[in-house]
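Listed features, source TrEMBL:
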type   : residues : note
REGION : 386-415  : region 'Disordered'
REPEAT : 8-40     : repeat 'WD'
REPEAT : 273-305  : repeat 'WD'
Amino acid sequence: MFVARSIAADHKDLIHDVSYDFHGRRMATCSSDQSVKVWDKSESGEWHCTASWKTHSGSVWRVTWAHPEFGQVLASCSFDRTAAVWEEIVGESNDKQRGQSHWIKRTTLVDSRTSVTDVKFAPKHMGLMLTTCSADGVVRIYEAPDVMNLSQWSLQHEISCKLSCSCISWNPSSSRAHPPMIAVGSDDSNVMYGGKVQIYEYNENTRKYAKAETLMTVTDAVHDIAFSPNLGRSFHVLAIATKDVRIFKLVPLRKESSSTGPTKFEVQIVAQFDNHNSQVWRVSWNITSTLLASSGDDGCVRLWKANYMDNWKCTGILKGDGSPVNGSSGQPGAMNTMVGSTVQTSQNALNGSAAGSADPPSLGLTDHIWPCVLHSCKELGLWPDPAGQTQRARPSGPDPACRPVAPCGRPVCSS
């Protein structure tokens with residue numbers, strides 16, 4: 001059963017992103033009001049804002065958590081051309097904030113000359129590394145040499161993608177057979193360049209990232225991209241949000257012993273759905289990579305699942321305001337009334353599976369939730385998520401309070 005409820009986030013402008021920590025007990029939101037808010041989940045299941053502060057001098061596009069092994073660490077990126085790293089610390093005994101936690105800025109990364117559109121921490125096994133991508137078409141990879149000193153970050157790699165970058169995703173595989181790999185999506189409007197998704201792989205010989213593959217069939221603007229959890233597979237699965245939902249399989253081809261170049265892949269498109277009948281803004285996998293959630297301008301979150309024949313189909317639909325959709329699985333519960341009619345849902349979704357499904361995607365972690373961000377009223381809608389996946393959101397069009405000056409047309413705070 002789907003149960004939807006809302007949180008009065010109290011942001012003063014559009015909410016662009018929502019991110020959960022590793023355990024799903026903490027949540028961070030960011031907005032065009034230039035602030036980040038941190039929320040903690042109480043024992044009763046209620047979410048309470050425990051921190052709120054101004055982070056940038058422009059709209060904040062994304063916020064993300066580091067693995068808890070490195071402490072309580074957040075990263076954010078903004079239209080102001082910077083990314084920032086934040087750490088939560090507890091006040092010292094001689095501090096006015098004794099025993100209370102507060103967030104401090106550890107560093108500001110200022111290498112980009114244009115809006116920083118996405119920020120992601122690398123998989124834990126790679127150490128404390130942070131990746132950004134920018135509208136200038138450059139992916140930058142930073143490393144903290146000393147995890148106990150987060151004020152020191154060194155720029156390790158700069159990857160020129162030739163196209164304006166909109167989103168990035170690390171391949172989470174920790175297998176030694178798979179070198180570090182990152183996928184980059186572009187929302188560049190230049191139709192002269194085909195292949196809006198590029199795959200880069202780390203080469204141990206050159207100690208640089210080299211382009212391994214370009215998905216030439218993706219020619220429309222890419223809004224989100226997500227590698228699925230690997231779970232020991234020999235191949236990789238990549239979901240892409242563009243004018244539709246696409247799922248690709250990347251099968252590594254056997255290398256010759258004398259080959260020193262990047263891995264070559266056999267690229268297979270295993271699914272393509274245009275059910276949203278609109279731009280798709282988010283895609284997100286569950287923890288076992290058996291379920292994919294997507295959201296689009298149709299105001300719906302849709303769940304996709306493959307059967308034993310690897311045929312994908314829609315197993316659930318939920319509207320952004322929590323109301324049911326004919327033919328979707330489950331019955332949504334009551335949801336607080338929300339103002340406005342334009343809804344930008346996020347790629348995170350729902351609890352349950354389609355009627356008749358023999359394998360419901362439940363892992364028993366029913367306290368975890370996926371958010372849905374409303375475009376018109378700065379309120380968060382929340383659904384239980386059995387797999388503990390996180391979700392993010394970006395509005396589909398400019399808000400009256402903002403001016404669309406970003407290259408991709410995203411609204412930017414007028415202040």
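Placement of Cβ uses the backbone N, Cα and C atoms for every residue, glycine included.
Note: TrEMBL annotation is automatic and uncurated.
Here the structure is a predicted model, which means the values were calculated and not measured.
Assigned with DSSP, the residues of the repeat 'WD' (8-40) fall into helix, strand and coil as follows: 0 helix, 19 strand, 14 coil.
Taken through DSSP, the repeat 'WD' (273-305) splits into 0 helix, 19 strand, 14 coil. The predicted model assigns the repeat 'WD' (273-305) a mean pLDDT of 90.
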